[in-house]
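What follows is a single structure, written as structure tokens, with notes after it.
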Amino acid sequence: MPGLDGLRGCAVLTVMVFHAWPAALTGGMIGVDLFFVLSGFLISLLLVEEYRDSGGISLRRFYLRRCLRLLPAFSLLLLVFLGYCLWRFDGKVLERYLQSVALAASYTSNWARAFSLNPVEGLGHTWSLAMEEQFYLFWPLLLLGLLRYLGGARRLVLVALGLALASWGWRVLLAWQGAEADRLYNGLDTRLDALMVGCALGLAEGFGLLQALRRPWAGRLLGVLAVVAVLYLAGVASRAHYWVDMRLYYWMLAGVELSAACLLLNVLCNRGGWVERLLSLPGLTWLGRISYGLYLWHFPIYVFMRDGGASPWTILGPGSLLTLLLASLSFYLLERPFLRLKRRYAGAAPAEARGSAGALLQ
């Protein structure tokens, strides 16, 4: 499904522009929310298809597949970052960067930022990776229990939507009580709604509940709603400031998640529509395939360039080209070989063997 790769490509481009030139795209961090919705969707779809095909979910294989997919490229980034810092810095500056490496490697950087314990200098972007890893720890276990003891496709979708609503409500309550933006932005509890919206869509797709949306009239409606979604996302990306605009936490992020869900539904159910055609452009889909490496490498490169006095144009130009080079090398020389190992030694889930959700997670 090339459109999903294209959506990933749009998400990572938005984040990269935001980090290269924050003043030009003050709300570009919403690209991370697109990733969260996609991640929740794909993980849930894969797990549901495995359960439907085999009658169970192998947690051991799930976690082994995730490790083989995520850890090699992430470990390389941390090693290169550590080597550069040991060569370039000393004293208290080096100590701060070593703390950043420790927080990133332990997948706890989101909580360090949420409670202002450590800014995670140079690796601040790993907060979202930490959040996804924490999501991986509890969601497969919870979903397996729900599949066994709750059952019923619609009930499962309602549970996922209920968790999304609870996370949003908790974020609103904390914002109303005066919580800092860092707490609202980085906490798993306050950002879980994006992941759970994706989970609800993944469950609905896995259980065949989206068939009605594949009718012609629904496709036309989805196409119109997608225009509204794109305009909304563009407005938030160009105007919101996550560190000062509290509207983001009351309602804007919820709108971003619904807009991402609308685009995702267009890719799934409105095949041949304008959204799917646009997101299936070869350049976007290629960026989507290497988006993990782009996300990993761009932030430390941009930070060190900015600290060295580089202008936003220099960061966005040469900095992004260097990021593209490193991400490409990472994908073709490191990530792809480990994907083959994943299929060989971790065992493919039935859905992955069919080339559906599993292929999209690569």
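In case you wondered, yes, glycine gets a Cβ from its N, Cα and C as well.
The structure displayed is predicted, hence computed values, not measured ones.
Marked as domain 'Acyltransferase 3' by TrEMBL: 2-328.
Annotated transmembrane segment per TrEMBL: 20-48 (among others), in sequence order. Using a Cβ-Cβ cut-off under 8 Å and counting only residues 6 or more beyond its ends in the same chain, the transmembrane segment (20-48) has close neighbours at 4, 7-8, 10-14, 57, 62, 128, 131-132, 135-136, 139-140, 143-144, 147, 160, 191, 194-203, 205-207, 233, 236-242, 248, 253, 256-257, 260-261, 264, 295, 298, 302, 312-313, 315-316, 319-320, 349, 351-352, 356-358, 360-361.
What TrEMBL records for 68-89 (among others) is transmembrane segment.
What TrEMBL records for 135-151 (among others) is transmembrane segment.
The annotation transmembrane segment is assigned in TrEMBL to 156-174 (among others).
If you look up TrEMBL, you'll see 194-213 (among others) marked as transmembrane segment.
Taken from TrEMBL, the feature transmembrane segment covers 220-242 (among others).
Away from its own ends, the transmembrane segment (248-269) comes close to residues 1, 3-4, 7, 27, 30, 33-34, 36-38, 41, 164, 168, 171-172, 174-175, 181, 184-185, 190-191, 193-194, 197-198, 201, 205, 210, 213-214, 218-219, 222-223, 225-226, 228-230, 232-233, 236, 240-242, 275-276, 279 of its chain (Cβ-Cβ under 8 Å, at least six residues beyond either end). Per TrEMBL, the feature transmembrane segment maps to 248-269 (among others).
If you look at the transmembrane segment (281-303), the same-chain residues 6 or more away from its ends with a CB under 8 A from one of its CBs are 2, 4-13, 15-16, 19-20, 35, 70, 73-74, 77, 81, 121-125, 315, 319-320, 322-324, 326-328, 330-331, 335, 362. Taken from TrEMBL, the feature transmembrane segment applies to 281-303 (among others).
Taken from TrEMBL, the feature transmembrane segment applies to 315-334 (among others). Sequence-distant contacts of the transmembrane segment (315-334), counting only residues of its own chain at least 6 positions beyond either end whose CB sits under 8 Å from a CB of the stretch, comprise 16-17, 20-21, 72-73, 76, 289-290, 292-294, 296-298, 301-302, 305-306.
Between the transmembrane segment (156-174) and the stretches 68-89, 194-213, 220-242, it is 194-213 that has the most C-beta pairs under 8 angstroms. Scored on C-beta pairs under 8 angstroms, the neighbour of the transmembrane segment (194-213) with the top count among 68-89, 135-151, 220-242 is 135-151.
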